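Feature list (source: TrEMBL):
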- 100-158: domain 'Sushi' (DOMAIN)
- 162-220: domain 'Sushi' (DOMAIN)
- Cys164-Cys207: disulfide bond (DISULFID)
- 223-280: domain 'Sushi' (DOMAIN)
- 343-399: domain 'Sushi' (DOMAIN)
Amino acid sequence: TCSKYDISIENGFLSESAFTYSLNKQTEYKCKPGYVTADESCDRPVFEKARAKSDGTWFRLNDRLDYECLDGYENREGHTAGSIVCGQDGWSDKAACYERECSVPEIDTYLDAHPRKETFKVGDVLKFSCSQGRIMVGADSVQCYHFGWSPKPPTCKVRKVKSCAPPPQLLNGKGKEIHKEEYAHNEVVEYACNPRFLMKGSHKIQCVDGEWTALPVCIEEERTCGDIPDIDHGDVKPSVPPYQHGDSVEFSCREAFTMIGPRFITCISGEWTQPPQCIATDELKKCKGSILFPTEGKPSYKIEYDHNTNKSYQCRGKSELKHSICINGEWDPKVTCKEAQIQQCPPPPQIPNARDMTTTVKYQDGEKISILCKENYLIQNAEDIVCKDGRWQSIPHCT
């Protein structure tokens, strides 16, 4: 017999678990990651915070494997993509990427930056304020991305800032605000696209020291929606396909059923928005009362309220009334006296090789912006960036 300890395989190991082998018994061995046998081939390497650009699992001598780093990472050369070559001794390098950092940007002398750190990770936000009573011109916060800081840090000016002339016209769209002859510094104007057109870029522009930030564009959306979704115990008002971007249809519930959700659904980029539900009216859930409601003979928190009941209440120390409506067992909005902390994201980034999106307007949690790449560039990953938890996420690439 032979013992597995009688043989030593440099940079390899026996792939079977037996300790002894009978005469003429064959076994198999494997090479350690990054090593090959004498027939000069390479197995698929182990990726560290990176992914391959091809699907191959076996590579011949001199074959090249291209890889790209995950968002927020870069290789040792400081690039977000690289390549390794299969050689006689295995792969030429590790397909490894490391967490990218942003150093503190160069900023105006009178600009204070918070928080104060030496380096920042991807996703970190830097906020600014001007000292000595100076006026800020530009974005009041920036975010660290895999391509660096964006947008550009602001400046601080001692002189009076300029106002703006009326904002520019948007092709295939229009402004939502009342037309004025003059707009103050930091004043915002919102735009909307005409029916069947989809907005790319920020729907808000801002007057910044006499100049408007970049306009969005409205492009014709060719994707249409399929059949209107069916809802139980409900009907849709007659309409004629095809259903273009921006088209809406209306639902109704049959007798003895109540609609929960929006009456209309809209075709958005080839997909219908969420349809409503039709719930049996006698099965609608009641809402529990709240100690915040005024007393009604007995403690209001012991009272149950029917669907569609509207209640008003007042928080301690506040003069204004708050309102909430019972919708099938849930109060909308939620009954509370806690101040909602609405997180805001910095102005959206200027993504490399994407259309100009220079803006200084901040966005609230949950808002999205659709990205348009420059001509001859294709978008990778999601088309929309999303404001979530105070920072922009799902950043695409234009390649």
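Numbering starts at 1 and runs along the chain as displayed.
Glycine residues also receive a Cβ, built from the backbone N, Cα and C atoms like all the rest.
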Write out how many residues of the domain 'Sushi' (100-158) are helix, how many strand and how many coil, based on DSSP.
0 helix, 30 strand, 29 coil
Specify the count of other C-beta atoms within 10 Å of the C-beta of Cys164 (disulfide bond).
20
List the helix, strand and coil residue totals of the domain 'Sushi' (223-280) as derived from DSSP.
0 helix, 26 strand, 32 coil
Helix, strand, coil residue numbers for the domain 'Sushi' (343-399) per DSSP?
0 helix, 21 strand, 36 coil
Taken over the domain 'Sushi' (343-399), the model's mean pLDDT:
92
Other C-beta atoms that fall within 10 angstroms of the C-beta of Cys207 (disulfide bond):
23
